[in-house]
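Per Swiss-Prot, the features are:
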TRANSMEM  13-35  transmembrane segment
TRANSMEM  50-72  transmembrane segment
TRANSMEM  79-97  transmembrane segment
TRANSMEM  107-129  transmembrane segment
TRANSMEM  136-158  transmembrane segment
TRANSMEM  168-190  transmembrane segment
TRANSMEM  218-240  transmembrane segment
TRANSMEM  250-272  transmembrane segment
TRANSMEM  277-299  transmembrane segment
TRANSMEM  309-331  transmembrane segment
TRANSMEM  344-366  transmembrane segment
TRANSMEM  371-393  transmembrane segment
Amino acid sequence: MSFDEIKTHNKKAIIGIFMIFSLRVFGMFMIVPVLSTYGMCLKNSNIFLVGVAIGIYGIFQIIFQIPYGWLSDKYGQKLIINIGLLCFLLGNIIAWSSNSIWGIILGRGLQGSGAISSVCMTLLSELVLPHNRIKIMGLLGVSFGISFFLAVILSPIIVNMFGFYCLFLINSLLSIFCLFFGMFYIPASLLNKNVVCNFRSEISNFFKILSNRVLCQINLSVFLIHFFLMCNFIIIPVELKKIFEFFEYVPEIIYIVILLVSFLIVLFCICFIQSKVLYSNITITTSAFLFVLCYGIFLLFGHNNISLILGLQIFFIAFIFLETILPALVNKFSSKNYKSTTMAIYSTSQFLGSSMGGIIGGILFSYLNYFEVLFFEFVVSILWFITSILYLIK
């Protein structure tokens, strides 16, 4: 992809979307690593309320993704993006000015209510030519990864130097920068929006999107990969610490190396494989097979450190690959007048997968051992692979 292929006004909008994504991700992930520790020191706090403060963001994201997507289809993306950013800013200000866990919960809830990721991804897809969409999504994934790593590394340092509440002050300032990009970099509208709508027809069209076979497969895929991710984050770190118990920081280094290698391999794939191959249904089937292979390696070779690292490498290659191409597939198969709504359903499936993976993974690991949880994931991945093959046959 050559950046020269993109029109000047589109370049400005793309930069704006990238900045909004990166700054919001950086701000969000600065809070998560330290909230479980420092949240217990807040007024009226307990373990349950700290858990609520962590989880309420995702719950509100699930609730507001589809309404934001539908509204942006009717009233334009710029207005809805800026409303979401205002909610994010207000949430940060409330959390910063509060001295109790209840203020943090309210602030995190308002942050989550600014659920604009699907709207931004839809706009980004509209700004570039079809053959460049997967590549631009890949670059967005890289910026997401960089923001994530910087946030996780810097947040403990900032808290130790300036205190816990400083994170919300920084988040508030980042939110103001996001609003600047939202107001002055995002175009007013790319399409003529028809704000007059019939409620019954809107409900009918919504259920048509839900029942679309291609979109169902895509939504199932994003649900499952995030389900697997959260399950793995519950059980794999424990196993890594057992294997490398005498080597401090080795698990963290392994994760960093694996993610970097995965990003490079995926970038190579999206840059050199033809778009018609990437856009074909075989990509989901191939990725599903990689998940089956990954869990097969985990189960067959047991506690071997090499097999664990190899399995994780395959897992993250498949995960990042699908995370990169699925939004472009959603845009390809969605109706012109319901692109943001369709993307919102996709994002809701994503957050539901993360939530269910964390909950079910935690319950399973409470009653089952490491290999039994992996076997459960292995069976689910096989069923997914079979359904993707059946879809190809049909």
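Note that Cβ sites are derived from N, Cα and C of the backbone, with glycine treated the same way.
Sequence-distant contacts of the transmembrane segment (250-272) (same chain, at least 6 residues past either end, Cβ-Cβ under 8 Å): 1, 134-135, 138, 141-142, 145, 149, 237, 240-241, 244, 278, 309, 312-313, 316-317, 319-321, 324-325. Distant neighbours of the transmembrane segment (79-97): 20, 24, 27, 68, 71-72, 103-104, 106-116, 119-120, 123, 165, 168-169, 171-172, 175-176, 178-179, 182-183, 186, 340; these residues of the same chain sit at least 6 beyond its ends, with a Cβ under 8 Å from one of its Cβ atoms. Contact between the transmembrane segment (218-240) and the transmembrane segment (371-393) is supported: at least 3 Cβ pairs lie under 8 Å, counting only residues 6 or more apart in sequence. Residues 55, 58-59, 61-62, 65-70, 115, 117-119, 121, 209-210, 215, 218-220, 222-235, 326-327, 330, 372-373, 376 of the same chain sit 6 or more residues outside the transmembrane segment (344-366) yet have a Cβ under 8 Å from a Cβ within it.
Beyond the transmembrane segment (168-190), the same-chain residues lying 6 or more positions past its ends with a Cβ under 8 Å from any Cβ of the stretch are 9, 12-13, 15-17, 19-20, 23-24, 26-27, 30-31, 76-78, 81-82, 85-86, 88-89, 92-93, 95-96, 107, 123, 126-127, 158.
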